[in-house]
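Asker: Here you go, one structure.
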Amino acid sequence: MTDNNTALKKAGLRVTLPRLKILEVLQEPDNHHVSAEDLYKRLIDMGEEIGLATVYRVLNQFDDAGIVTRHNFEGGKSVFELTQQHHHDHLICLDCGKVIEFSDDSIEARQGEIAAKHGIRLTNHSLYLYGHCAEGDCREDEHAHEGK
C-alpha cells in the first residue's frame with residue numbers, strides 16, 4: 001500500500017481511499033485493459049462503496065497524471081491500463097474484445113523509417129491491430145475478455 005501512496009503523491013494527487021482502491025484493482029493481473037464500468041463492478045464485488053461517477057473522475061485524474069493510459073479501441077468504449085515504461089502495441093479481437101499486448105522491433109524500426117522518409121520525427125505512436133480470434137469460436141464466450 002505504501003508504494004501506491006508514494007505513486008499518488010509523486011503524481012501530485014492526494015491519497016484517498018477511492019484512489020487507492022482503484023489503483024489496487026488496476027494492479028490485478030486480470031485488469032490490464034479495463035473499462036470504468038468493469039472496474040466499478042469489480043469494486044462492488046470487493047464490497048467497496050465507490051460510485052461510478054467517482055471511478056470515472058479518478059480514472060480521468062490518473063490519465064491526466066500519467067498513472068494510466070486510456071485506449072479507445074473499436075466499439076467506442078475507453079479502456080484503461082497502468083502506464084508502462086516499455087512501449088507495446090495491441091491486437092484486439094472484434095468478437096470477444098480480447099486484447100493482446102506485443103512488441104516487435106522490426107515494426108518499430110519500419111515505422112521510424114516511414115516517418116523519417118516523410119520528414120517527421122516521431123515522439124509517440126499507437127498501433128492497434130483488429131481481427132478475429134483464430135482458435136475456436138470466441139463468440140460463444142463473447143463477454144469473457146471485455147475490458148481486459
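We number each residue from 1, going along the chain as drawn.
Glycine too: its Cβ is placed from the backbone N, Cα and C atoms.
What Swiss-Prot lists as Zn(2+) binding site is His33, Glu81, His90, Cys93, Cys96, Glu101, and the listing cites similarity to another entry. As annotated by Swiss-Prot, Fe cation binding site applies to His87, Asp89, Glu108, His125, with the evidence given as similarity to another entry. What Swiss-Prot records for 1-84 is region 'DNA-binding'. The feature region 'Dimerization' is assigned by Swiss-Prot to 85-148.
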Asker: Kindly report the helix/strand/coil residue split of the region 'Dimerization' (85-148) according to DSSP, in that order.
Answerer: 17 helix, 13 strand, 34 coil
Asker: Starting from the Cβ of His87 (Fe cation binding site), draw a 10 Å sphere and report how many other Cβ atoms land inside it.
Answerer: 11
Asker: What does DSSP assign Glu81 (Zn(2+) binding site), in three states?
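Answerer: Note: Glu81 (Zn(2+) binding site) is in a strand by DSSP.
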Asker: What Cα-Cα separation, expressed in whole Å, is found between His33 (Zn(2+) binding site) and Asp89 (Fe cation binding site)?
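Answerer: A Cα-Cα distance of 13 Å.
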Asker: Return the residues near Asp89 (Fe cation binding site), defined as same-chain residues 6+ apart in sequence whose C-beta is under 8 angstroms from its C-beta, sorted by sequence, else 'none'.
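Answerer: Correct list: Glu101, Phe102, Ser103, Asp104, Ile107, Ser126, Leu127, Tyr128, Leu129.
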Asker: Counting only other Cβ atoms and using a 10 Å cut-off, which of the binding-site residues His33, His90, His125 scores lowest?
Answerer: His125
Asker: Relative to the Cα of His125 (Fe cation binding site), which of the binding-site residues Glu81, His90, Cys96 has the closest Cα?
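Answerer: Going through Glu81, His90, Cys96 one by one, the closest to His125 (Fe cation binding site) is His90.
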Asker: Compare the C-alpha of Glu108 (Fe cation binding site) with the C-alpha of each of the binding-site residues Glu81, His90, Cys93, Cys96, and give the closest one.
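Answerer: Going through Glu81, His90, Cys93, Cys96 one by one, the closest to Glu108 (Fe cation binding site) is His90.
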Asker: Can you give the mean pLDDT for the region 'Dimerization' (85-148), rounded to a whole number?
Answerer: 81
Asker: Quick check: with His87, Asp89, Glu108, His125 left out, which same-chain residues have Cβ atoms within 8 Å of the centroid of the Fe cation site Cβ atoms?
Answerer: His88, Ser103, Ile107, Gln111, Ser126, Leu127
Asker: Once the chains shown are all counted, how many other Cβ atoms turn up within 10 Å of the Cβ of Cys96 (Zn(2+) binding site)?
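Answerer: For Cys96 (Zn(2+) binding site), the 10 Å Cβ neighbour count is 20.
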